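Chemist: Take this structure, written in C-alpha coordinates, and hold onto it; I'll ask about it next.
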Amino acid sequence: MSYDNVEVPDDGNAITVDEDTGELAVPSNPIIPIIYGDGIGTDVAPAAQQVLDAAAEATGRSIEWMRLYAGESARERYDENLPDETVEAIREHRVAIKGPLTTPVGSGFRSLNVALRKRLDLYANVRPTYHLEGVPSPVKNPEKMDMVNFRENTEDVYAGIEWEAGTDEVEQVREFVEEEMGETGVIHDGPVGIGIKPISEFGSKRLIREAIDYAIENDRDSVTLVHKGNIMKFTEAAFRDWGYELAAEEYGDEVITEDTLWEEYDGEAPEGAVVVKDRIADNMLQQLLTRTEQYDVLAMPNLNGDYLSDAAGAQIGGLGIAPGANLGDGRVLAEPVHGSAPKYAGEDKVNPTAMILSGRIMLEQLGWDDAADLIRDAVETTISAGEVTYDLHRQIEGGTKLATSEYADAVCARIEELS
Ligand code: NAP
(Lines of atoms letter the chains of each structure in order from A; the text may use other names.)
(Lines give C-alpha, C1' and ligand atoms only; values in the text may rest on other atoms or scores of the structure.)
Protein backbone atom coordinates (compact mmCIF):
# COMPACT_ATOMS: atom_id res chain seq x y z
CA MET A 1 0.00 0.00 0.00
CA SER A 2 1.24 3.54 -0.69
CA TYR A 3 0.71 6.28 1.87
CA ASP A 4 0.28 10.08 1.71
CA ASN A 5 1.77 11.09 5.03
CA VAL A 6 3.50 7.98 6.29
CA GLU A 7 7.15 7.17 5.74
CA VAL A 8 7.72 3.45 5.41
CA PRO A 9 11.20 2.55 6.72
CA ASP A 10 13.59 1.32 4.03
CA ASP A 11 15.05 -1.36 6.25
CA GLY A 12 12.82 -3.79 7.99
CA ASN A 13 10.30 -6.45 7.07
CA ALA A 14 6.60 -6.74 7.64
CA ILE A 15 5.15 -9.11 10.21
CA THR A 16 2.85 -11.65 8.58
CA VAL A 17 0.51 -14.38 9.76
CA ASP A 18 1.11 -18.06 9.11
CA GLU A 19 -1.97 -19.16 7.17
CA ASP A 20 -1.96 -22.65 8.66
CA THR A 21 -1.45 -21.88 12.35
CA GLY A 22 -2.80 -18.32 12.52
CA GLU A 23 0.38 -17.42 14.46
CA LEU A 24 2.41 -14.27 13.81
CA ALA A 25 5.54 -14.77 11.69
CA VAL A 26 8.02 -12.21 13.02
CA PRO A 27 11.30 -11.21 11.31
CA SER A 28 14.24 -10.03 13.42
CA ASN A 29 13.78 -6.47 12.07
CA PRO A 30 10.00 -5.94 11.99
CA ILE A 31 8.35 -2.72 10.85
CA ILE A 32 6.28 -1.54 13.82
CA PRO A 33 3.80 1.33 13.49
CA ILE A 34 3.70 3.80 16.40
CA ILE A 35 1.18 6.55 17.20
CA TYR A 36 2.62 8.98 19.74
CA GLY A 37 -0.86 10.25 20.63
CA ASP A 38 -2.10 13.43 22.29
CA GLY A 39 -1.01 15.30 25.42
CA ILE A 40 1.67 13.35 27.31
CA GLY A 41 1.82 10.87 24.42
CA THR A 42 4.60 13.00 22.93
CA ASP A 43 6.56 12.56 26.18
CA VAL A 44 5.99 8.87 26.93
CA ALA A 45 6.03 7.42 23.39
CA PRO A 46 9.59 8.48 22.46
CA ALA A 47 10.77 7.30 25.90
CA ALA A 48 9.18 3.88 25.32
CA GLN A 49 10.63 3.74 21.81
CA GLN A 50 14.13 4.33 23.21
CA VAL A 51 13.74 1.53 25.79
CA LEU A 52 12.22 -0.93 23.29
CA ASP A 53 15.08 -0.19 20.86
CA ALA A 54 17.63 -0.86 23.60
CA ALA A 55 16.00 -4.19 24.53
CA ALA A 56 15.75 -5.25 20.87
CA GLU A 57 19.39 -4.37 20.25
CA ALA A 58 20.55 -6.16 23.42
CA THR A 59 18.88 -9.34 22.15
CA GLY A 60 20.27 -9.13 18.60
CA ARG A 61 17.26 -7.60 16.84
CA SER A 62 15.98 -4.23 15.67
CA ILE A 63 12.64 -2.47 15.46
CA GLU A 64 12.01 -0.35 12.36
CA TRP A 65 9.50 2.27 13.51
CA MET A 66 6.81 3.66 11.23
CA ARG A 67 5.21 6.82 12.61
CA LEU A 68 1.41 7.05 12.18
CA TYR A 69 -0.94 9.85 13.13
CA ALA A 70 -4.25 10.08 15.01
CA GLY A 71 -5.87 12.81 17.09
CA GLU A 72 -4.21 16.22 17.08
CA SER A 73 -1.20 15.14 15.00
CA ALA A 74 -3.60 13.80 12.34
CA ARG A 75 -5.69 16.98 12.31
CA GLU A 76 -2.50 18.90 11.51
CA ARG A 77 -1.62 16.63 8.58
CA TYR A 78 -4.91 15.28 7.25
CA ASP A 79 -7.55 17.61 8.69
CA GLU A 80 -9.29 14.63 10.29
CA ASN A 81 -8.92 12.70 13.56
CA LEU A 82 -8.45 9.15 12.38
CA PRO A 83 -7.22 8.93 8.77
CA ASP A 84 -7.95 5.73 6.87
CA GLU A 85 -4.25 5.22 6.15
CA THR A 86 -3.51 5.08 9.90
CA VAL A 87 -6.02 2.27 10.34
CA GLU A 88 -4.91 0.50 7.16
CA ALA A 89 -1.21 0.69 8.08
CA ILE A 90 -1.91 -1.03 11.41
CA ARG A 91 -4.09 -3.60 9.66
CA GLU A 92 -1.30 -4.32 7.17
CA HIS A 93 1.58 -4.40 9.68
CA ARG A 94 -0.37 -6.34 12.32
CA VAL A 95 1.50 -5.28 15.48
CA ALA A 96 1.59 -1.65 16.63
CA ILE A 97 1.80 0.55 19.72
CA LYS A 98 0.06 3.79 20.57
CA GLY A 99 0.06 6.53 23.19
CA PRO A 100 -3.15 8.01 24.61
CA LEU A 101 -5.67 9.95 22.53
CA THR A 102 -7.89 12.68 23.95
CA THR A 103 -11.67 12.24 23.84
CA PRO A 104 -13.85 15.27 24.58
CA VAL A 105 -16.56 14.65 27.22
CA GLY A 106 -20.18 15.09 26.13
CA SER A 107 -19.93 16.93 22.83
CA GLY A 108 -17.36 16.66 20.04
CA PHE A 109 -16.02 13.58 18.28
CA ARG A 110 -16.41 10.02 19.55
CA SER A 111 -13.48 8.19 21.13
CA LEU A 112 -10.69 7.49 18.64
CA ASN A 113 -9.47 4.71 20.91
CA VAL A 114 -12.83 2.95 20.72
CA ALA A 115 -12.96 3.57 16.94
CA LEU A 116 -9.49 2.04 16.43
CA ARG A 117 -10.37 -1.03 18.51
CA LYS A 118 -13.64 -1.49 16.65
CA ARG A 119 -12.34 -0.85 13.11
CA LEU A 120 -9.44 -3.26 13.60
CA ASP A 121 -11.68 -5.72 15.48
CA LEU A 122 -9.27 -5.74 18.43
CA TYR A 123 -11.80 -7.45 20.62
CA ALA A 124 -9.78 -8.19 23.75
CA ASN A 125 -8.23 -5.47 25.87
CA VAL A 126 -5.62 -7.18 28.00
CA ARG A 127 -4.25 -5.51 31.11
CA PRO A 128 -1.71 -7.45 33.18
CA THR A 129 -1.55 -6.00 36.69
CA TYR A 130 1.51 -7.06 38.67
CA HIS A 131 3.62 -5.33 41.27
CA LEU A 132 7.20 -4.28 40.64
CA GLU A 133 9.47 -4.20 43.66
CA GLY A 134 10.03 -0.68 44.96
CA VAL A 135 6.88 0.81 43.46
CA PRO A 136 4.94 2.63 46.20
CA SER A 137 1.33 1.53 46.60
CA PRO A 138 -1.65 2.64 48.69
CA VAL A 139 -2.17 -0.97 49.90
CA LYS A 140 -0.10 -2.90 52.46
CA ASN A 141 0.68 -5.94 50.31
CA PRO A 142 0.78 -4.88 46.68
CA GLU A 143 2.79 -8.01 45.80
CA LYS A 144 -0.40 -10.06 46.27
CA MET A 145 -1.73 -8.56 43.05
CA ASP A 146 -0.86 -10.59 39.97
CA MET A 147 -3.88 -10.49 37.68
CA VAL A 148 -4.52 -10.31 33.99
CA ASN A 149 -7.72 -8.52 33.03
CA PHE A 150 -9.43 -9.35 29.74
CA ARG A 151 -11.94 -6.65 28.85
CA GLU A 152 -14.33 -7.04 25.91
CA ASN A 153 -13.60 -4.19 23.54
CA THR A 154 -16.29 -4.00 20.87
CA GLU A 155 -19.73 -3.96 22.49
CA ASP A 156 -21.64 -3.14 25.71
CA VAL A 157 -22.59 0.51 26.33
CA TYR A 158 -19.40 1.43 24.47
CA ALA A 159 -20.93 0.35 21.15
CA GLY A 160 -21.85 4.00 20.61
CA ILE A 161 -25.56 3.36 20.04
CA GLU A 162 -27.17 6.29 21.83
CA TRP A 163 -29.50 9.18 21.14
CA GLU A 164 -29.49 12.69 22.50
CA ALA A 165 -32.32 14.08 24.65
CA GLY A 166 -34.96 15.89 22.59
CA THR A 167 -34.43 13.96 19.33
CA ASP A 168 -37.13 12.09 17.38
CA GLU A 169 -35.14 8.88 17.83
CA VAL A 170 -35.45 9.13 21.60
CA GLU A 171 -39.22 9.47 21.28
CA GLN A 172 -39.37 6.42 18.99
CA VAL A 173 -37.33 4.35 21.44
CA ARG A 174 -39.43 5.62 24.37
CA GLU A 175 -42.63 4.55 22.59
CA PHE A 176 -41.17 1.15 21.69
CA VAL A 177 -39.98 0.53 25.26
CA GLU A 178 -43.27 1.54 26.82
CA GLU A 179 -45.19 -0.66 24.38
CA GLU A 180 -42.87 -3.63 24.96
CA MET A 181 -42.55 -3.30 28.71
CA GLY A 182 -46.28 -2.76 29.09
CA GLU A 183 -45.96 0.10 31.54
CA THR A 184 -45.38 3.81 31.34
CA GLY A 185 -43.00 5.69 33.58
CA VAL A 186 -40.14 3.24 32.99
CA ILE A 187 -38.42 6.17 31.36
CA HIS A 188 -39.04 9.47 33.14
CA ASP A 189 -41.03 12.14 31.30
CA GLY A 190 -39.12 15.12 29.98
CA PRO A 191 -35.67 15.24 28.35
CA VAL A 192 -33.85 11.91 28.42
CA GLY A 193 -30.81 10.48 26.65
CA ILE A 194 -31.01 6.79 25.72
CA GLY A 195 -28.21 4.30 25.05
CA ILE A 196 -28.25 0.63 24.08
CA LYS A 197 -26.17 -2.13 25.64
CA PRO A 198 -25.57 -5.01 23.23
CA ILE A 199 -23.83 -8.10 24.63
CA SER A 200 -23.64 -10.96 22.14
CA GLU A 201 -22.88 -14.67 22.43
CA PHE A 202 -20.23 -14.25 19.72
CA GLY A 203 -18.53 -11.25 21.41
CA SER A 204 -18.66 -12.80 24.89
CA LYS A 205 -17.39 -16.21 23.86
CA ARG A 206 -14.45 -15.02 21.80
CA LEU A 207 -13.29 -12.76 24.66
CA ILE A 208 -13.70 -15.48 27.30
CA ARG A 209 -11.95 -17.97 24.99
CA GLU A 210 -8.92 -15.63 24.86
CA ALA A 211 -8.92 -15.44 28.66
CA ILE A 212 -9.19 -19.22 29.17
CA ASP A 213 -6.55 -19.93 26.50
CA TYR A 214 -4.24 -17.44 28.20
CA ALA A 215 -4.85 -19.08 31.60
CA ILE A 216 -4.08 -22.56 30.22
CA GLU A 217 -0.97 -21.44 28.31
CA ASN A 218 0.42 -19.49 31.26
CA ASP A 219 -0.34 -22.00 34.05
CA ARG A 220 -2.80 -19.71 35.73
CA ASP A 221 -5.19 -21.12 38.36
CA SER A 222 -8.50 -19.48 37.56
CA VAL A 223 -10.60 -17.35 35.23
CA THR A 224 -13.25 -15.19 36.92
CA LEU A 225 -16.19 -13.90 34.89
CA VAL A 226 -17.06 -10.47 36.30
CA HIS A 227 -20.63 -9.33 35.61
CA LYS A 228 -23.61 -7.46 36.99
CA GLY A 229 -25.99 -10.26 36.04
CA ASN A 230 -28.18 -9.94 39.13
CA ILE A 231 -29.52 -6.68 37.67
CA MET A 232 -28.94 -6.96 33.89
CA LYS A 233 -30.15 -10.47 33.23
CA PHE A 234 -30.19 -10.54 29.43
CA THR A 235 -26.80 -8.87 28.97
CA GLU A 236 -24.45 -9.28 31.93
CA ALA A 237 -25.95 -12.59 33.15
CA ALA A 238 -25.90 -13.83 29.56
CA PHE A 239 -22.17 -13.00 29.41
CA ARG A 240 -21.63 -15.23 32.45
CA ASP A 241 -23.83 -18.05 31.11
CA TRP A 242 -22.10 -18.03 27.71
CA GLY A 243 -18.77 -18.19 29.55
CA TYR A 244 -19.73 -21.33 31.45
CA GLU A 245 -21.24 -22.81 28.26
CA LEU A 246 -17.99 -22.19 26.37
CA ALA A 247 -15.90 -23.72 29.17
CA ALA A 248 -18.04 -26.89 29.09
CA GLU A 249 -18.22 -27.12 25.29
CA GLU A 250 -14.60 -26.47 24.35
CA TYR A 251 -12.24 -27.35 27.18
CA GLY A 252 -13.14 -30.76 28.64
CA ASP A 253 -11.05 -31.63 31.71
CA GLU A 254 -8.73 -28.65 31.27
CA VAL A 255 -11.33 -26.43 32.91
CA ILE A 256 -13.62 -27.06 35.90
CA THR A 257 -16.21 -24.80 37.49
CA GLU A 258 -15.96 -23.56 41.06
CA ASP A 259 -19.03 -25.67 41.96
CA THR A 260 -17.30 -28.82 40.68
CA LEU A 261 -14.15 -27.81 42.53
CA TRP A 262 -16.00 -27.96 45.85
CA GLU A 263 -18.47 -30.76 45.07
CA GLU A 264 -15.94 -33.21 43.61
CA TYR A 265 -12.46 -32.06 44.64
CA ASP A 266 -12.96 -30.60 48.11
CA GLY A 267 -11.56 -27.24 47.00
CA GLU A 268 -8.24 -28.61 45.62
CA ALA A 269 -8.11 -28.21 41.84
CA PRO A 270 -6.61 -31.19 39.97
CA GLU A 271 -3.10 -30.56 38.61
CA GLY A 272 -3.18 -28.29 35.55
CA ALA A 273 -6.93 -27.56 35.64
CA VAL A 274 -8.14 -23.98 35.37
CA VAL A 275 -11.09 -23.11 37.62
CA VAL A 276 -13.80 -20.97 36.03
CA LYS A 277 -15.81 -18.92 38.52
CA ASP A 278 -17.90 -15.78 38.48
CA ARG A 279 -18.35 -12.74 40.69
CA ILE A 280 -20.77 -9.83 40.67
CA ALA A 281 -18.87 -6.68 39.68
CA ASP A 282 -19.43 -4.59 42.83
CA ASN A 283 -18.34 -7.48 45.04
CA MET A 284 -15.35 -8.04 42.76
CA LEU A 285 -14.22 -4.45 43.27
CA GLN A 286 -13.99 -5.00 47.03
CA GLN A 287 -12.48 -8.48 46.65
CA LEU A 288 -9.69 -6.91 44.59
CA LEU A 289 -8.65 -5.34 47.90
CA THR A 290 -9.72 -7.95 50.46
CA ARG A 291 -8.92 -11.24 48.71
CA THR A 292 -6.44 -10.11 46.10
CA GLU A 293 -4.47 -13.35 45.89
CA GLN A 294 -7.56 -15.44 45.10
CA TYR A 295 -7.90 -13.88 41.66
CA ASP A 296 -5.82 -14.53 38.64
CA VAL A 297 -7.29 -14.00 35.16
CA LEU A 298 -10.50 -11.95 34.94
CA ALA A 299 -12.84 -11.76 31.92
CA MET A 300 -15.46 -9.05 31.71
CA PRO A 301 -17.70 -6.96 29.51
CA ASN A 302 -16.43 -3.56 28.40
CA LEU A 303 -17.64 -1.19 31.14
CA ASN A 304 -16.81 -3.47 34.09
CA GLY A 305 -13.37 -3.98 32.58
CA ASP A 306 -12.74 -0.27 32.23
CA TYR A 307 -13.52 0.48 35.88
CA LEU A 308 -11.90 -2.61 37.28
CA SER A 309 -8.57 -2.27 35.51
CA ASP A 310 -8.02 1.30 36.75
CA ALA A 311 -8.91 0.17 40.30
CA ALA A 312 -6.50 -2.77 40.02
CA GLY A 313 -3.88 -0.45 38.51
CA ALA A 314 -4.09 1.82 41.57
CA GLN A 315 -3.07 -1.09 43.82
CA ILE A 316 0.20 -1.62 41.97
CA GLY A 317 1.28 2.00 41.75
CA GLY A 318 -1.25 3.89 39.63
CA LEU A 319 -1.75 4.91 36.06
CA GLY A 320 1.90 5.80 35.50
CA ILE A 321 2.65 2.07 35.76
CA ALA A 322 -0.37 0.17 34.36
CA PRO A 323 0.18 -1.30 30.85
CA GLY A 324 -2.24 -2.77 28.32
CA ALA A 325 -2.74 -4.13 24.82
CA ASN A 326 -5.64 -4.72 22.45
CA LEU A 327 -5.66 -8.11 20.76
CA GLY A 328 -7.56 -9.39 17.73
CA ASP A 329 -7.01 -12.40 15.52
CA GLY A 330 -3.40 -11.98 14.29
CA ARG A 331 -3.35 -8.35 15.37
CA VAL A 332 -1.95 -6.42 18.36
CA LEU A 333 -2.21 -2.75 19.39
CA ALA A 334 -0.39 -2.09 22.67
CA GLU A 335 -1.34 1.01 24.70
CA PRO A 336 -1.02 2.20 28.29
CA VAL A 337 -4.13 2.31 30.50
CA HIS A 338 -3.71 6.04 31.21
CA GLY A 339 -5.04 8.93 29.15
CA SER A 340 -3.43 12.02 27.67
CA ALA A 341 -3.22 14.00 30.98
CA PRO A 342 -3.16 17.30 29.01
CA LYS A 343 -2.01 19.42 31.97
CA TYR A 344 1.40 17.70 31.85
CA ALA A 345 1.77 17.62 28.05
CA GLY A 346 5.24 18.41 26.74
CA GLU A 347 6.71 18.95 30.23
CA ASP A 348 9.04 15.93 30.11
CA LYS A 349 7.64 15.05 33.52
CA VAL A 350 5.25 12.10 33.55
CA ASN A 351 6.03 8.45 34.07
CA PRO A 352 6.64 6.50 30.83
CA THR A 353 6.62 3.10 32.62
CA ALA A 354 3.04 2.27 31.57
CA MET A 355 3.92 2.84 27.91
CA ILE A 356 7.25 0.99 28.28
CA LEU A 357 5.50 -2.02 29.87
CA SER A 358 2.81 -1.90 27.16
CA GLY A 359 5.73 -2.28 24.76
CA ARG A 360 6.82 -5.24 26.86
CA ILE A 361 3.44 -6.92 26.21
CA MET A 362 3.93 -6.19 22.51
CA LEU A 363 7.34 -7.89 22.56
CA GLU A 364 5.80 -10.92 24.30
CA GLN A 365 3.25 -11.10 21.51
CA LEU A 366 6.16 -11.12 19.02
CA GLY A 367 7.64 -14.06 20.92
CA TRP A 368 10.59 -11.93 22.11
CA ASP A 369 10.31 -13.08 25.72
CA ASP A 370 14.01 -12.49 26.45
CA ALA A 371 13.73 -8.82 25.43
CA ALA A 372 10.43 -8.49 27.32
CA ASP A 373 11.94 -9.89 30.53
CA LEU A 374 14.95 -7.62 30.17
CA ILE A 375 12.64 -4.61 30.11
CA ARG A 376 10.77 -5.78 33.20
CA ASP A 377 14.00 -6.34 35.13
CA ALA A 378 15.50 -3.02 34.01
CA VAL A 379 12.38 -1.09 35.04
CA GLU A 380 12.26 -2.88 38.38
CA THR A 381 15.92 -2.25 39.23
CA THR A 382 15.63 1.40 38.21
CA ILE A 383 12.58 1.99 40.42
CA SER A 384 14.06 -0.06 43.29
CA ALA A 385 17.11 2.23 43.17
CA GLY A 386 14.74 5.15 43.82
CA GLU A 387 15.20 6.60 40.32
CA VAL A 388 11.63 7.62 39.55
CA THR A 389 9.41 10.25 37.96
CA TYR A 390 7.34 12.78 39.96
CA ASP A 391 4.33 10.51 40.55
CA LEU A 392 6.31 7.86 42.42
CA HIS A 393 8.77 10.34 43.90
CA ARG A 394 5.98 12.05 45.87
CA GLN A 395 5.15 8.71 47.50
CA ILE A 396 8.60 7.52 48.57
CA GLU A 397 11.18 8.67 51.08
CA GLY A 398 14.35 9.94 49.44
CA GLY A 399 14.83 8.84 45.86
CA THR A 400 15.85 10.85 42.84
CA LYS A 401 13.20 12.67 40.83
CA LEU A 402 13.84 12.19 37.13
CA ALA A 403 12.30 13.74 34.03
CA THR A 404 10.59 11.37 31.56
CA SER A 405 13.62 11.37 29.25
CA GLU A 406 16.11 10.91 32.13
CA TYR A 407 14.11 7.96 33.41
CA ALA A 408 14.21 6.38 29.92
CA ASP A 409 18.01 6.88 29.89
CA ALA A 410 18.25 5.23 33.34
CA VAL A 411 16.22 2.19 32.20
CA CYS A 412 18.35 1.87 29.03
CA ALA A 413 21.53 1.97 31.16
CA ARG A 414 20.08 -0.90 33.26
CA ILE A 415 19.30 -2.86 30.09
CA GLU A 416 22.92 -2.53 29.07
CA GLU A 417 24.11 -3.62 32.54
CA LEU A 418 21.74 -6.59 32.71
CA SER A 419 22.33 -7.93 29.20
P1 NAP B 1 -5.46 10.57 32.52
O2 NAP B 1 -5.02 11.27 31.30
O3 NAP B 1 -5.11 9.13 32.63
O4 NAP B 1 -4.85 11.37 33.77
C5 NAP B 1 -5.39 11.30 35.07
C6 NAP B 1 -4.30 11.46 36.10
O7 NAP B 1 -3.58 10.22 36.20
C8 NAP B 1 -3.22 12.50 35.79
O9 NAP B 1 -3.62 13.80 36.14
C10 NAP B 1 -2.09 11.98 36.66
O11 NAP B 1 -2.39 12.18 38.05
C12 NAP B 1 -2.21 10.48 36.46
N13 NAP B 1 -1.44 10.00 35.30
C14 NAP B 1 -1.89 9.60 34.09
N15 NAP B 1 -0.88 9.20 33.31
C16 NAP B 1 0.24 9.34 34.03
C17 NAP B 1 1.62 9.08 33.78
N18 NAP B 1 2.05 8.58 32.61
N19 NAP B 1 2.51 9.36 34.75
C20 NAP B 1 2.11 9.85 35.93
N21 NAP B 1 0.83 10.10 36.25
C22 NAP B 1 -0.10 9.84 35.31
O23 NAP B 1 -7.05 10.66 32.68
P24 NAP B 1 -8.07 11.86 32.35
O25 NAP B 1 -7.49 13.15 32.80
O26 NAP B 1 -9.34 11.36 32.89
O27 NAP B 1 -8.18 11.82 30.77
C28 NAP B 1 -7.52 12.77 29.90
C29 NAP B 1 -7.88 12.42 28.46
O30 NAP B 1 -7.36 11.14 28.11
C31 NAP B 1 -9.39 12.33 28.18
O32 NAP B 1 -9.64 12.96 26.94
C33 NAP B 1 -9.68 10.85 28.09
O34 NAP B 1 -10.75 10.55 27.24
C35 NAP B 1 -8.38 10.36 27.48
N36 NAP B 1 -8.10 8.93 27.74
C37 NAP B 1 -7.53 8.23 26.73
C38 NAP B 1 -7.20 6.89 26.92
C39 NAP B 1 -6.56 6.16 25.78
O40 NAP B 1 -6.02 6.79 24.88
N41 NAP B 1 -6.59 4.84 25.78
C42 NAP B 1 -7.44 6.27 28.17
C43 NAP B 1 -7.99 7.03 29.20
C44 NAP B 1 -8.33 8.38 28.98
P45 NAP B 1 -1.82 13.36 38.96
O46 NAP B 1 -2.27 14.65 38.35
O47 NAP B 1 -2.44 13.07 40.29
O48 NAP B 1 -0.35 13.26 39.00
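Glycine is no exception: its Cβ is also placed from the backbone N, Cα and C atoms.
TrEMBL does not curate its annotations; it predicts them automatically.
Keep in mind the model is a prediction, meaning the values are calculated, not measured.
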Chemist: Considering the D-threo-isocitrate binding residues SER111, ASN113, ARG117, ARG127 given in TrEMBL, which of ARG91, ARG94, ARG151 is annotated for that site as well?
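Modeler: Given SER111, ASN113, ARG117, ARG127 bind D-threo-isocitrate in TrEMBL, the matching entry from ARG91, ARG94, ARG151 is ARG151.
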Chemist: Near LYS140 (N6-acetyllysine), how many other Cβ atoms are within 10 Å of its Cβ?
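Modeler: I count 7 other Cβ atoms within 10 Å of it.
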Chemist: Tell me which of the recorded positions LYS98, SER111, LYS140, LYS228 ends up closest to TYR158 (site 'Critical for catalysis') in space, Cα to Cα.
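Modeler: The answer is SER111.
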Chemist: Taking each of the recorded positions LYS98, LYS228 in turn and counting other Cβ atoms within 10 Å of its Cβ, which one has the fewest?
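Modeler: Per-residue Cβ counts within 10 Å for the recorded positions LYS98, LYS228 bottom out at LYS228.
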Chemist: Between the recorded positions SER111, LYS140, LYS228, which lies closest to LYS98 (N6-succinyllysine), Cα to Cα?
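Modeler: Its closest listed neighbour, by Cα, is SER111.
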